[in-house]
Ligand SMILES: O=C([O-])CC(=O)C(=O)O
Ligand SMILES: [Mg+2]
C-alpha cells in the first residue's frame, strides 16, 4: 500500500463580498489529490483536500516543500500497520520534517490541505464515512447523526442596503437554518447597529439566533464600545472582536461583555489555541471556539487541540469550527463538537454539504458514503475529479 502521486491545483473562490478586514475579490484555494495504489470498487482510491476561505491557495509551498517531502519518504514509513492503512500521523511528521516550531503562518494551510486528502483516502480505504471512522478510533460513543449548522453571510457588498441584508438572511431561514451570522465593523458603530436591528427583525427579534463577526478589526476601545452597545441584544455570539493573537484584548472584552464571545478561526496551531485558553479570558460555559482544521495543520493537529481543550476543562461541544466544509462536519459528528459553520451562498462549491442532505430546523445530516463525502456533492466533485484521474 502506498501513495503513488500527489497533485495540486489552485481554484478561484472569488466574490465581490467584503468583511471588516478584507474583500474576497481575489480569493483562491488549493485543491489536492492524493492518489494511492489501493483499489476499491475497481478504481484506485484517491483522497481529496482543499483549504478554507480566508487564506489563499498554497501552491508554492505545496510544490516547493510539502509534496516533495511526501514523495521522497519511504512508503513503508507512512503505513499504519495496526489499521492496515495509510498513517495520517506519519504523513504529518514527514510533512513537518525540518520545520521549526512557532510562526504558524501559511504553512499550516498547506499541511492542512494534504492532511484533509489523506483522511479522505484513509476513510475510503476503510470503506466508511470519515465521521464513523473518527467515532470508532477517537470518539466517545456513537457519532451524532445530525449536526447543528448556522448560516454565515451578511457580508458587506457594494450598494447593499438594509432590505438586501434582510432578504439574504430570510433566504437562509427559508432554507432550513434557524441561526444566522452577519458581518460588523466595516462601517461606523451607529450604522452597524441599524444593520443588526434590521437582522434581528428577520429572526423575530430573538438575539439568540443572530451572531455578529468583526473579523478582528477592532482595537480595544472600539471592541468595548461595540460590546456595550450590543449587550442589550442578547446575541448568540460576538466573534473575533480584535486581532486574533491579542489575548489581552480578548480577555478585556470578555470581562466586560455579558454575552457569549467566539473566536479562534485565525489561530493555526494547538499552541496558539492553548494561548487563547490560557490568556484570552474565554468562558468554557458560554463561549465558542472556532479553530478550522483546514487552515491549521489539519485533523492530526485538531486532535491535539481537542485534547488540549479537554485537559483544560473545555467540552468539545463548545467548538464550532469556521469554514463551512465537510471535513469539519465529519469531525463535528464523529467527535461531538457543538456544530459547524455553513455558507449557503458564498465560497461555492467548497462551502456547503452533500447534495440531498437538506438543513432542517438548523441541523444537517451526513451522507453514508466512504470518505469525507465529496463525491456526494456534485458541484465540488466536478472540480476535484479531474485532478484524481
Ligand atoms: O469573512 C470571513 O473571513 C469568514 C469568517 O470570518 C467566518 O466565516 O467566520
Ligand atoms: Mg469569522
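In case you wondered, yes, glycine gets a Cβ from its N, Cα and C as well.
Where the annotation comes from TrEMBL, it is an automatic prediction and has not been curated.
Because the structure is a prediction, the values reported are computed rather than measured.
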Hey, TrEMBL has substrate bound by 19, 53, 100, 155, 181, 265, 322. Any idea which of 127, 239, 360, 375 it lists too?
239
According to TrEMBL, 239, 265 bind Mg(2+); which one of 206, 213, 287 is annotated to that same site?
213
Just checking: which of 183, 213, 292, 341 have a Cα that is within 10 Å of the Cα of residue 239 (substrate binding site), counting only these recorded positions?
183, 213
Only counting partners 6 or more residues apart, tell me which same-chain residues put their Cβ under 8 Å from the Cβ of residue 19 (substrate binding site).
155, 156, 183, 185, 186, 213, 215
For the binding-site residues 19, 181, 322, which residues place their CB under 6 A from an atom of ligand 1?
19, 322
Do you know which of the recorded positions 213, 239, 341 end up with C-beta under 6 Å from ligand 2?
213, 239
